[in-house]
Amino acid sequence: MGHRGMGCAHFATMAMPLWALTFYLLVVLPVPSQTASVEVGKEERRLQDLDPKMGSEAGNTDGLSLARFGSRRHQRSTGFGHRVPIISRPVIPIELDLLMDNEDDRTMSKRFDDYGHMRFGKRGGDDQFDDYGHMRFGR
């Protein structure tokens, strides 16, 4: 009789992880993916509603939604595994950043000389005198 009770306990300990795994695969795992796809659909619909208001200047001709790639919610890992590190990208792509003209960089370069010292009292163009504020600075 003791041997029979031992078999049931052993069977129960073997069946519990199997039931837990089945429950996880059938109930827990599909729910985040379904809700994520519903949210992506809502975001795409919202972006399509905004596109006619913005006009054709957006240039989104390839049909891909940028909301899916930009939202951090869709970059999370599902389950209890390790999270994939999220690589932060700049808002402006590198190619467009090189094409943009930044006035701030030019004014900062005028305020400092080649050695990183500030130029005080510059009153003319850059070729007037190349010193730190007056003509008789050094020699």
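Every residue gets a Cβ built from N, Cα and C, even glycine.
Residues annotated as phenylalanine amide in Swiss-Prot, with sequence analysis given as evidence: PHE80 (among others).
In three-state terms derived from DSSP, TYR115 (sulfotyrosine) belongs to neither a helical nor a strand segment and is classed as coil. Within 10 Å of the C-beta of TYR115 (sulfotyrosine) there are 5 other C-beta atoms, taking all protein chains into account. Taken from Swiss-Prot, the feature sulfotyrosine applies to TYR115 (among others).
Marked as phenylalanine amide by Swiss-Prot on the basis of sequence analysis: PHE120 (among others).
As annotated by Swiss-Prot, sulfotyrosine applies to TYR132 (among others).
Among the features that Swiss-Prot reports, phenylalanine amide is placed at PHE137 (among others).
Marked as signal peptide by Swiss-Prot on the basis of sequence analysis: 1-35.
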